[in-house]
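Participant: Below are the structure tokens for one structure; questions will follow.
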Amino acid sequence: MEGYNTSSTDFIFMGLFNRQDTSGLLFAIISLIFFTALMANGVIIFLICTDVCLHIPMYFLLSHLSLIDMMYISTIVPKMLVDYLLGQRTISFVGCTAQHFLYLTLVGAEFFLLGLMAYDRYVAICNPLRYPVLMSRHVCWMIIVGSWFGGSLDGFLLTPITMSFPFCNSREINHFFCEAPAVLKLACADTAVYETVMYVCCVLMLLIPFSLVIASYAQILTTVHRMSSVEGRKKAFATCSSHITVVTLFYGAATYTYMLPHSYHRPEQDKVFSVFYTILTPMLNPLIYSLRNKDVTGAMKRALARCKGVQRVSGDAF
């Protein structure tokens, strides 16, 4: 690592681009995923804001999920790509602290928001007549604020403690961003008690939203099973399938990272699972919701028709 210009407080990422034979291809793939995620989530937000048919609580929450995904992937990937282009892998102590805080806050907010989106589906299917009251604009904003509060609380509680440990002379983080387990491996002090507290905290952050998801969908399945209309069942499953897919992908990868004992973890496996829920999931979420949702695809068609109409009018004017 002599080639890197570092100070005594800098960290060095081992990163993903450590194999010369595949680094260029990996850089191209991650760049494509990053820009696809930004564009796809941006389109979702634009459609929900501009199409009146999507001005309902479910899509209001979905627009905030897309916003979180855009911010989430932007805390990690741009740094990776710029470092590859500049031929460096360092990050300052302040930069690592900021990245760690933003990561914890955004991932926590997404955990809670996905759980509360299951409640929205429960109300829509099990209590449709009371839906306008139970999912009023005030309730929707409470869900958004509650999700951000839960994520921020996690970031404010864990980040100062994680970054306050004394770090050894070897400051090489065997990861591609400042994730807590990888950073704590560099600590010179005994971190066993703190790691146990952090483990319990992360388990609660996973279990509370996931329990809400399970309880909501248990009620939904019971209600759907009682429906006499086949068309009603199909519609109910269609509105829930996208959310179930997103929850399974995001919670599954996060469960491996934060709930399995350390003996089951290997650095390379940790990187793969971290790539999945920090880089791939923000791209997959809008694609899953748009490709499997007739309302969103309908809004896309209407937006394209409006664009063609504007172009036709502009052409006629000249």
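Keep in mind that glycine also has a Cβ here, set from the backbone N, Cα and C atoms.
Small disclaimer: the values here were computed from a predicted structure and weren't measured.
Just lifted these from TrEMBL, have a look:
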type: DOMAIN; residues: 40-289; note: domain 'G-protein coupled receptors family 1 profile'
type: TRANSMEM; residues: 24-47; note: transmembrane segment
type: TRANSMEM; residues: 59-81; note: transmembrane segment
type: TRANSMEM; residues: 101-119; note: transmembrane segment
type: TRANSMEM; residues: 139-161; note: transmembrane segment
type: TRANSMEM; residues: 197-224; note: transmembrane segment
type: TRANSMEM; residues: 236-260; note: transmembrane segment
type: TRANSMEM; residues: 272-291; note: transmembrane segment
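How about a rundown of where these features are and what they're close to?
Facilitator: Note on the transmembrane segment (24-47): residues 16-17, 54, 62-63, 66-67, 69-70, 73-74, 77-78, 80-81, 84, 279-280, 282-283, 285-287, 289-290, 296, 299-300, 303 of its chain, located 6 or more positions outside it, place their CB under 8 angstroms from a CB of the stretch.
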Participant: Where among 139-161, 197-224, 236-260, 272-291 do we find the most Cβ pairs under 8 Å to the transmembrane segment (59-81)?
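Facilitator: When the Cβ pairs under 8 Å are tallied, 272-291 comes out ahead.
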Participant: May I ask for the residues of the chain that lie six or more residues beyond the transmembrane segment (272-291) and have a Cβ under 8 Å from a Cβ within it?
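Facilitator: That would be 16, 30, 33-34, 36-37, 40-41, 43-44, 62, 65-66, 69-70, 72-73, 76-77, 103, 107, 175-177, 179, 242, 245-246, 249-250, 253-254, 256-257, 297, 300.
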Participant: At a C-beta cut-off of under 8 Å, are there same-chain residues at least 6 beyond the transmembrane segment (197-224) that contact it? List them, or none.
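Facilitator: For the transmembrane segment (197-224), the sequence-distant neighbours (Cβ-Cβ under 8 Å, at least 6 residues beyond its ends) are 108, 111-112, 114-116, 118-119, 121-122, 125-126, 150, 154, 157-158, 162, 180, 232-233, 236-237, 240, 244, 247, 251, 254-255, 258-259.
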Participant: What residues in the same chain, six or more past the boundaries of the transmembrane segment (236-260), come closer than 8 Å to it by Cβ-Cβ distance?
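Facilitator: Residues packing against the transmembrane segment (236-260) from afar: 58, 107, 110-111, 114, 117-118, 121, 124-125, 181, 199, 202-203, 206, 210, 213, 217, 220, 223-224, 227, 270, 273-274, 276-277, 281, 284-285, 288-289, 292-294.
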